[in-house]
């Protein structure tokens with residue numbers, strides 16, 4: 001099956017045809033490091049980590065860059081409020097971000113470029129845009145002239161005259177068009193700044209990604225990812241800068257993940273309804289958070305709640321219990337390779353359908369639970385290899401069930417619930433042999449079942 005991705009630029013699911021099959025290029029917008037990241041910031045990291053893993057499975061060389069924005073007005077304000085140096089603040093929160101994402105089992109990208117390490121490249125790119133007539137100086141600033149690009153707005157599908165409503169666009173008298181955006185801004189003596197042909201100043205937000213992509217990945221790249229909220233103006237402006245500076249296309253496939261909602265509202269710092277990743281990690285294992293983020297399609301909104309997290313933990317308990325087995329010691333088959341037509345691979349090749357991939361994991365776990373002893377090594381290896389594409393099942397099963405309310409046989413409450421649900425379904429399917437097997441298994445573990453009209457109750 002061919003890898004197919006929903007391309008925001010074309011508005012449809014496109015076959016992925018790389019520029020160079022021997023060097024796949026992927027760029028994802030990273031954090032602005034002035035605070036700890038919330039779970040909404042983590043969603044694109046986890047989503048595109050799955051894409052990175054999939055691309056590594058399909059191609060010999062994948063170059064993945066995810067930037068760090070370490071110069072921004074929010075950073076300047078936060079450092080001033082805290083009474084600390086900007087570099088101290090950004091280094092602290094850069095490390096905190098790395099630690100949090102490691103807890104979610106996100107792979108480290110090939111390249112992690114920092115904005116402040118690329119000021120010369122930004123200045124050079126701005127100079128090219130000025131020279132080509134796509135940018136101009138005004139009121140001490142350098143701005144991109146959106147009217148100089150005939151197809152400006154092609155990513156968001158907005159017309160120039162309509163795109164200001166509801167967008168993060170500053171309207172000012174010194175602009176030729178209200179949609180013109182800042183490439184370079186002046187700095188006061190108290191603010192960080194760098195010397196440039198337009199005076200001492202600092203870059204605008206949008207130019208950072210374009211300059212870093214050009215340096216590390218090239219004029220045109222395969223895939224650019226980020227949150228849905230970045231489509232306009234950030235990614236629209238990236239396209240304008242990249243295309244106009246280099247006279248080429250910029251990105252061939254644009255991918256955007258959906259919002260995370262809390263109680264039906266988009267989670268955001270402005271609404272005060274955000275949940276920090278590190279706070280959630282005090283209550284849940286990082287793999288539980290990851291599983292929850294992958295429980296729905298990446299382009300769909302995800303209503304984040306305690307129920308979603310509890311269901312994620314139960315789902316993982318079911319998978320880990322299949323690996324744990326029933327007391328037998330079974331090692332995964334050595335050297336197992338996931339076949340190219342495996343259901344998990346096929347699901348991910350279909351625009352990263354992680355929910356379908358997770359369902360396929362549960363199907364393997366179900367087979368593993370029913371398998372004869374001789375068949376278990378291969379099934380266990382298959383489950384681990386398939387889960388690795390999703391960044392899941394990285395903990396030893398016995399360790400997973402530690403620090404939970406578990407029976408002497410290693411069964412947590414959630415694992416027991418999962419087995420009871422499986423037994424109920426087996427009875428509905430008239431698979432009475434499996435239903436009896438589960439009852440016997442739970443009885444051996446000291447769990448008593450009581451079938452009632454309301455359902456099955458269990459007790460230790």
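Just so you know, glycine gets a Cβ as well, placed from its N, Cα and C.
According to Swiss-Prot, the Zn(2+) binding site annotation covers 29, 209, 234, 238. Under 8 Å, Cβ to Cβ, and six or more positions away along its own chain, residue 29 (Zn(2+) binding site) finds 44, 66, 67, 209, 225, 226, 227, 230, 234.
Less than 8 angstroms from the CB of residue 269 (ATP binding site) sit 38, each of them six or more residues away in the same chain. Taken from Swiss-Prot, the feature ATP binding site applies to 269.
Residues or ranges marked as motif ''HIGH' region' by Swiss-Prot: 31-41. Shown for the motif ''HIGH' region' (31-41): DSSP residue counts in helix, strand and coil, namely 3 helix, 2 strand, 6 coil.
Summarising the annotation, Swiss-Prot assigns motif ''KMSKS' region' to 266-270. Across the motif ''KMSKS' region' (266-270), mean pLDDT in this model comes to 78.
Applying DSSP to the motif ''KMSKS' region' (266-270) sorts its residues as follows: 0 helix, 1 strand, 4 coil. Taking Cβ pairs closer than 8 Å, the motif ''HIGH' region' (31-41) reaches residues 68-70, 72, 74-75, 77-79, 89-90, 93-94, 96-97, 100, 227, 259-260, 267-269, 274-278, 280, 289, 293, 304 in its own chain, all 6 or more past its ends. Counting only same-chain residues six or more apart in sequence, the Cβ atoms lying under 8 angstroms from the Cβ of residue 238 (Zn(2+) binding site) belong to 206, 209, 210, 213, 224, 250, 251. Sequence-ordered, the extra residues of this chain that approach the Zn(2+) site, with Cβ no more than 8 Å from the Cβ center of 29, 209, 234, 238, are 205, 206, 208, 210, 224, 226, 230, 235, 237.
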